[in-house]
Each structure stands twice: as C-alpha cells, then as structure tokens.
Amino acid sequence: MAAINVIFISGAIALFALTGSCSESTNPFTNKPYATQNPYSPPQTNQPTKRPYQPGPAPTPAPYIPQKTNPPTKRPLNPTPSPTAKPPSENSESENSEGPVLIEEDHFTVDANFKCGIPPVEPDLKKGKIVGGAEAVPNSWPYAAAFGTYDISGGKLEVSQMCGSTIITPRHALTAAHCFMMDPDIDQTYYIFMGLHDETTYKGVRPNKIVGVRYHPKTNVFTDDPWLVYDFAILTLRKKVIANFAWNYACLPQPKKIPPEGTICWSVGWGVTQNTGGDNVLKQVAIDLVSEKRCKEEYRSTITSKSTICGGTTPGQDTCQGDSGGPLFCKEDGKWYLQGIVSYGPSVCGSGPMAAYAAVAYNLEWLCCYMPNLPSCEDIECDESGEN
C-alpha cells in the first residue's frame, strides 16, 4: 500500500475546476510543493470520472468518463482568474514567500476543549432540496464552509467557491479528494470561507488559508477508475478556528456505526440548483440512507460501506455541481454528526438513482491519526495505512 501523501501549499495561482478546463499554472515560486501522489491521467477514450451517468433503471450501467479537459459532473464549479489581493482578514499577517506556512509537527495535538454538532440556530427541517433551491436558515449549519479561491474586484471580496468542506476541529476541515483531481500537487492557494451564507454579499465571511492537504492513502481519485472510493482529503488550516455564532465544529460519528436504512440525514452546499433558483445561498437537502446491498445494485458490486455510503432516493432531491466535498449530516442525541462527504452521483442532478458519499465512520482509524486527542478519537487506534 502506498504511503500517505501530504501536500503542503504555498503560492497563489489560477483556480482549476472539475466542470471546466484546467488553466495553466502561474505559481510565482520556483520550488514546487512536495507531493508523491501521481496526478490523474485519464485514458484516451471518452471516459469520465465523477458522478457517472446512470442510464435508465439498469442496475449496473456502464459509466461515461470525461477526458481531463471535460471533467466530472460531481461537483466543483468553474475556473477563475488568479487572486489579485488578499482577503481582508489575511491582510494583517505577512506571507512566507520562501515556502509554505505550516505547523512544524504533522501529528500535532488538537485543542479538544470544544463542543461539537450544536448549531446556534436550529435548521428548518421541513424543507430541503438543493436542486429545488431550498435555502437554509442562516447560521443553522455553522460547520459547513465553502472551499475555493478569492478575488477582490472594485474593493469587494468575491469568493470563487469550488467545493464544500466541513470544519471538524479548530485546525482541520474535511473535504473530497476529487476536489483536487485537476490540481493534485496543489499549485494554487486555497481557502475555506467560514460563515458564508449569501455569495452575493459575503457579509461576515472569514477566509482561512489551507496550508496542508492529506489524501486518504487508499483513494483511487488519481487513477482511471471512475468509481471513487475513499474520497477524503484532510485540510489543515492556517488559523485556529474559534467557534462563535457563525462557525463551529461538526461531531465525528462513532467508529463503524452508520445509521440504518431509511434514516433521514441532511446535505448542505452552495451548488447549482438546475435553474430552479437560490444558486447564491446555502441550501439544504434531505437524504434518506439506503443499504449497502442497494448501493451495490445501483452502482457497482464492489462498493462497500468501508468506503462509500449511498442515499437520496426521492426524485428531484439531490446535491449538484459545486457541492462536492460537502457534508452529509445525521442527527443523534441532539447533535449533528458528519457521516458522509459528497462524492458522486447521477450526471443529471436529481434524476436518480441516488448519490454516493465517502463513509466517515469507517475511516476514523486513519482520520484520528492526525487529531488523536479528540473525544471521538480517544479509543481509536491509529492506522495510517487506511486499512479498515
């Protein structure tokens, strides 16, 4: 099994996207960040990657796989120009132009003295269609953070949201590895944007620079296989996240415990809504979980809950482009737990049969290696190989 790959970030260049073409790097630094992960190399035939197309009711359809210049449908957005200025909250600190700004110790101790999974405002669970455009109550999902680059135009901060992410500790967020499929060596400068609700105003938004990315060692994102497994990336944040009314931490689930089939969980994001409105605000969708057996029947016989869980059987209720890496939250004992990471699904959002999510509960042995003193990790033995 390949060693765990950690990619440290420096510099600022143009944004890539998984639904558009990849622009050439403009990294001003001569020393490229270290990485051992091979970049994605698609075959020469038409093939795609994320959210493979599912024609009709056939249980095991042949996926269509796009070329690298015509990337996957699940779920980042379009490329943007290089940033021209720092976000307001970053201006007070100088950047290290000689290399990445990183904590010295990779296996560092996380301040575990915090509460998780309790929002300052209760979400309205009576509505829920991302594709249908149901807006979330502001501050009701404070663990969700947009992820991408930024620009400043006319003195106004403009976020180029590419994926979603979830804050899980004061120094970490979790997203999908395939969000970096077109930029595996991390040639750009990325941020998570905490407290974001409306992308047209960015009122109260706090950018937090991503200074490290760690892929799951068993992910196949950077291979030719269109059926993603272990679609995880841990994001290390430059600034400590201090919880407040606008941002907070999601709870990690109990190890190897997934809610039963039929449980209603929730996914949130800023993804597109198929021209149904609400593209600029945080939206939410109700997702009913399905069994591993049904997930195998709809997608691939080798799917296992160790890497993937599935859900979302109601027509028209789905995540969509721009929601990749975002959360699947399930509520238990009054708290919200991060059970899944948005990975792939039907190429036409909401058309069925269901979406696939990276399974958090079965990957805590790997995840907890890098935040061992979290309450959720106390009794979990670290396994850096990702074997679960």
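Just so it is clear, glycine is given a Cβ too, placed from its N, Cα and C backbone atoms.
Not measured: the values here are computed from a predicted model.
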According to Swiss-Prot, the disulfide involving Cys330 connects it to which residue among Cys179, Cys251, Cys265?
Cys265
Going by the disulfide annotation in Swiss-Prot, which one of Cys295, Cys320 is bonded to Cys310?
Cys295
Bond partner of Cys163 - disulfide, per Swiss-Prot - picked from Cys116, Cys179:
Cys179
For Cys330 (disulfide bond): DSSP state (helix, strand, coil):
strand
Which secondary structure state does DSSP assign to Cys295 (disulfide bond), in the simple three-class scheme?
helix
Set of same-chain residues at least 6 away whose C-beta sits under 8 angstroms from Cys330 (disulfide bond):
Pro253, Pro259, Thr263, Cys265, Trp266, Leu289, Trp336, Tyr337, Gln339
Tell me which of the active-site residues His178, Asp231, Ser324 ends up closest to Cys295 (disulfide bond) in space, Cα to Cα.
Asp231
